[in-house]
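Mind having a look at this structure? Questions to follow.
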Amino acid sequence: MAVAGSRCALVIFTILLMTAVASGAKLSNYYYYRTCPNVESIVRNKVNQIVTADRGMAPGLLRLHFHDCFVRGCDGSVLLDSASHTAEKDAPPNFGSLRGFAEVDAIKATVESACPGVVSCADILALAARDAVVKVGGKYWSVPLGRKDGFTSSLVEANSSLPSPFSTFSQLVQNFAAVGLNAKDMVILSGGHTIGQAHCAVVIPRLYNFNGVPGATDPSLDPTFANLLRTLCPADEPLTFVGQMDATNGTFDNKYFKAVQSRRGLFPSDAALITNSFGRRVVSIAAKSPGSFSKDFGISMVKMGNIRVLTGAAGEVRRLCSAVNSN
């Protein structure tokens, strides 16, 4: 009976696997089961090497996936180069601040050595984001796979689609709703800032002449924290790195939400999370419960990773992440 049961389970698993891969309509946790069975360990090992060498690459890889998905969906379009400098990576929200392109190329090369022409750059971005978070203290979540790479990358679309760090709560909700994510997803995914880094350019408008008033500071900032930020960000040094976005910068935890509650969020969009009753409630739960935040973050990351994905013949598997295939 045990043998028969095992065979039955194997048959069911095989049918599910073949259906998921053949349909091309949905992502699957088993997409590369036959074609590249070790892809997750290959990506994880490479990400671990990268983040060990430079811990700042953890937020870089997470942000790269985020910025990919919010423009044209999770199709690897953020990785494409443009001779005319009109690709997503050339847009002001990305240019000079988005990190990880060379690292993704290195991961892709390692995957190609094992499984040539099989694993998309879009899937590598999704796996690398997860593995980077786990490497710096976050909890594991399963990443459904099977995305194909897109053919187009647009600076104009990046400018209009990416959330701004100066957004209000309602603007953030609208921005996330445009890609199928709800208000809770927005607040929870903002928690990625727990490992984030920031330039003073985003902070300076809150510290000096706020809203055009000479000498004014954003009243939503904790005064003691504002004084500290002024020492880190002189008014004439917008390119300086502030560094930490919460008390345990570089470690993925729920301390970001505690900082937001204490009016110590760096971005105006961080402060905006507690200007709305629903936002305050989600922030409060995440601040109280690391386990709740970790679980919700994984759920929202999977939802984000499903935004407008290309499957089947709708896309391709690029040989190089920075260029569409010549054929």
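Quick reminder: no glycine exception, Cβ is built from N, Cα and C everywhere.
Feature annotation from TrEMBL assigns active site, proton acceptor to His67. Feature annotation from TrEMBL assigns substrate binding site to Pro163. According to TrEMBL, the feature disulfide bond maps to Cys36-Cys115, Cys69-Cys74, Cys121-Cys321, Cys200-Cys233. Under the heading domain 'Plant heme peroxidase family profile', TrEMBL lists 26-325.
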Find the one among the recorded positions Cys121, Pro163, Cys233 whose C-alpha lies closest to that of the residue listed as 'active site, proton acceptor'.
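That would be Pro163, the closest of Cys121, Pro163, Cys233 to the residue listed as 'active site, proton acceptor'.
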CA-CA, which of the recorded positions Cys74, Cys121, Pro163, Cys233 lies nearest Cys36 (disulfide bond)?
Cys121
Provide, as an integer number of angstrom, the distance between the C-alpha atoms of Cys200 (disulfide bond) and Cys74 (disulfide bond).
29
Given the disulfide-bonded residues Cys69, Cys74, Cys115, Cys121, Cys321, find the one whose Cα is closest in space to the Cα of the residue listed as 'substrate binding site'.
Cys69
Which one is it: of the disulfide-bonded residues Cys115, Cys121, Cys233, Cys321, whose Cα lies the shortest distance from the Cα of Cys74 (disulfide bond)?
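Nearest candidate: Cys121.
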